[in-house]
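For 76, 108, the entry in Swiss-Prot reads S-adenosyl-L-methionine binding site.
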């Protein structure tokens, strides 16, 4: 199975890079895992609604360019469906069982995801109504993917 996380912007924080590297190493037992960064759109602090949509559209085009037709896409979105770790693990298992070998997770920039990216997504997933930095979300997501594989393997990581 191939798992990819597409994130907007370059990860700068050393502690997040280290955390993601640790989960990437652990995930190597279960899948081919990669993080793909697409450049964020430079924008002034105050934007009109039209300018905000323009930023999301440009970032969305960069995201969509990294997704192949056969990939199953999860968009991280506040309006997405919340899942327990066990439900998420079951989804990952079912996707693999039914022949999906390429799974992509998309994390938008500070303004969120474009309508085009949300439309391309096979499903939307939410980690709750909290607002988290999108850079931190990469590590949280990598941990949950690892947790899902550990649950499916019957290993004692998840309590």
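Using N, Cα and C of the backbone, Cβ positions are placed for all residues, glycine too.
The Cβ of residue 108 (S-adenosyl-L-methionine binding site) has 24 neighbouring Cβ atoms from other residues within 10 Å, across all protein chains displayed. In the three-state DSSP scheme, residue 76 (S-adenosyl-L-methionine binding site) is classed as strand.
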